[in-house]
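If you look up TrEMBL, you'll see 10-140, 152-297 marked as domain 'EamA'. Positions annotated as transmembrane segment by TrEMBL: 35-56, 68-88, 94-113, 125-145, 151-170, 182-204, 224-245, 252-276, 282-298.
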Amino acid sequence: MPKNIRHEAYLILGAFFFALNSVPAKLVMEGGISAFRLTQIRITGAALLMFIYVFIRNRKGLRITKSEIPSLLAFGIIGFAVVNGLYFSAIARLNVSIALIIEFTAPIWIVLWMRFIKKKNVSKLMWWGLTIGFTGLLLVGQVWRGLTLDGLGLIYAFVDAFALALYFVVGEKLVKAKGSEVTMVLGFGVSAAFFAIVMPWWNFPFEVFSKSIELTGRFAGNSLPGWLLVLWVIIGGTAVPYFLVLTGLKGLSAATSSVIGMLEPVFGGVLAWFFLFEKLSLAQFIGGCVVLIGIYLADRARTSV
């Protein structure tokens, strides 16, 4: 298999596993655990797994300097804790596909930051992408009918998109200095420590592990133990997709990788439809497609900014 195709396959699989994580995550939350507690166990578990991996391969890379601490704190707390926590909060109130689509407006906010804060020129293609993207969001939100989606869920999703944009901006700087794998494990580590401070482990609802969680949608009438679903969120929904994406990034440009990553909301919508029977109106479906087109154009233009 040609090298580029192999790395593209890694990224496609990574997007698929990230999207697939939405289904068990939503089930666990419906079983009684809060979005931020699920984020805590997800990040802490993944941090331990990735630390072991990086410690074996590149333990010297885990050393940090004082000048790197502010960026690592912002990256770990906002880029991991806030992004993951608000994402889970959003999918608890919105259709998975809509939450993912809104989250992936992050490239749009990055470009606005570059144009109006960094004062860099932005191509016409970028503005077309922004216009098309916002038009799609109007369709997704069905503004002509009022706020038909959950208002708090929309707020969570949009703030999540802003946090994701910050994740990319700060992460770009850290990756150049530390490398992708080390940056990820340090980010997870900071985030895990942050959660341990603000949400002590002795108050964690450990009963979720022994609880039998009822499945919905296609598998309604069946149940799985909570520990199994949580384990999937940690391994299949965090460690595996991050590993796949990092491996794919080794052989492809950031622009190509980010475009492939936009398959996640597409996968998310299909999986939510298949497993959970979530439904979208025709206008929302068209709007979602339009948003993806806008994000694609914005991302293409961002590479030349």
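Glycine too: its Cβ is placed from the backbone N, Cα and C atoms.
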Paired segments the transmembrane segment (68-88) and the transmembrane segment (224-245) in contact, 3+ CB pairs under 8 A: no
Of 35-56, 94-113, 151-170, 182-204, 224-245, whichever stretch has the most CB pairs under 8 A to the transmembrane segment (282-298): 94-113
Leading contact stretch, 94-113, 182-204, 224-245 vs the transmembrane segment (151-170) - CB distance under 8 Å: 94-113
Taken over the domain 'EamA' (10-140), the model's mean pLDDT: 83
Chain residues outside the transmembrane segment (182-204) and at least six past its termini with a C-beta under 8 angstroms from it: 36-37, 39-41, 43-44, 46-47, 50-51, 53-54, 58, 61-62, 64, 72-73, 75-77, 79-81, 84, 171, 174-175, 242, 246
